[in-house]
Amino acid sequence: MSRWLMQMLMLPLLLLPLGQAAPKDGVARLDPEAQQQLTTNPFQPGPEQLRRLRDYLKGLEKMEEDPEQMNREQVLLYLFALHDFDQNGQLDGLELLSMLTAALAPGAAHFPINPVILVVDMVLETQDLDGDGLMTPAELINFPGEAPKRAESLPPALQEPQPAGSQPLLANSPLQSETQQSLGTKEEITSQVEAKRALEPEQEAGHHIETKVDALSPEGEARGQAESEGDAPGPREDAERQVESKDNEGEAKDLPAETLETQNTPNVVEAHSIQLENDEI
C-alpha cells in the first residue's frame, strides 16, 4: 500500500519536466502551412510563391501600389529595396533572413533557432551563382533554368555595384548587344567611305585615260573639228562686225572736230570781251 502511494506521489514530479518541454501553440510550433512554405524556395517562379509574397506586401501599410497589379519582377525588386538596410545593392545573409522570416513565417522569429535559416541556405545554394554569400537583384530575379531578364528593367538604385575597371555582370543584356550592333554598323560605314576615297584617284586616272583615247580616236577628231567649226564665226557674222567697225571709225572722226570747237570757244568769248572794253574807253 505504501509502495503504491509513493508511486502516485512521484508521478507528477516525473511529468512536470515533460510538460514544460512540450511546445506551446503559437510560440514554438509552426502551423502546417508555414512548415510547408519552409520546404520550397519562395523565389522560384510560380503562382503559389508569388501569392505568398504578394500577401506579405498587402500587410504593409506603406504600400502605394496594389501588389495584385505587380508582376514577379516588381514584387522581388520591392522586397529587395525594402530589406537592403545598408543600401549597397546586395543582400547579405541577415538581410535575406529578415526578408524571408517576415514574408514566410513571422512567428519563427521567436524560435531559439530560426527554421527559416534552412530556407536562406537553400536560396544561397541555388541562386548565389558567384558564391560570395550575397544576393544581387539579378541573382534574385533570374532563377536558374529560366530565361535571363532584361538589364534595363532594374532601377538605377538597384544596379549591381561594380568595382572600378571591371566589366558589368549583365554584359550580355539586349541593351549592350544593340550598342555593339550600332558600333559594328558605324565601323562598316567608315570602312566603306575609306574604300571609296581610295578608289577616287583610280577613277580620276581612268577618266583622263578615257578622255585621251577618245581624243585620239577618229570619232574624237571629228567631234573636235565640229566643235571648232561651231566656234568659228560665219559670213553673216563677219559682215555685221565690219559694219560695226566702220560706224565706230566714223564716230571717232567726228570726235576730234567737236573737241576742237569746244577748245576754241573760250578764245572767242575772251576776244569779244576785250572788244567791248575798248569800245567803252
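Yeah, the Cβs are placed from backbone N, Cα and C, and that goes for glycine too.
Positions annotated as signal peptide by Swiss-Prot, on the basis of sequence analysis: 1-21. Feature annotation from Swiss-Prot assigns domain 'EF-hand 1' to 71-106; the stated evidence is sequence analysis. Swiss-Prot lists 115-150 with the feature domain 'EF-hand 2'. Annotated Ca(2+) 2 binding site per Swiss-Prot: Asp128, Asp130, Asp132, Glu139, in sequence order. According to Swiss-Prot, the compositional bias 'Basic and acidic residues' annotation covers 185-213, 234-256. Annotated phosphoserine per Swiss-Prot: Ser217, Ser228, in sequence order.
Sparsest Cβ environment among the binding-site residues Asp128, Asp130, Asp132, Glu139 (other Cβ atoms counted within 10 Å): Asp130. Looking only at the domain 'EF-hand 1' (71-106), the predicted model's pLDDT averages out at 91. Other than the site residues Asp128, Asp130, Asp132, Glu139, same-chain residues with C-beta atoms no more than 8 angstroms from the centre of those residues' C-beta atoms, the Ca(2+) 2 site, are Leu124, Gln127, Leu129, Gly131, Gly133, Leu134, Met135, Thr136. DSSP states for the domain 'EF-hand 1' (71-106), grouped as helix (H, G, I), strand (E, B) and coil, give 25 helix, 1 strand, 10 coil.
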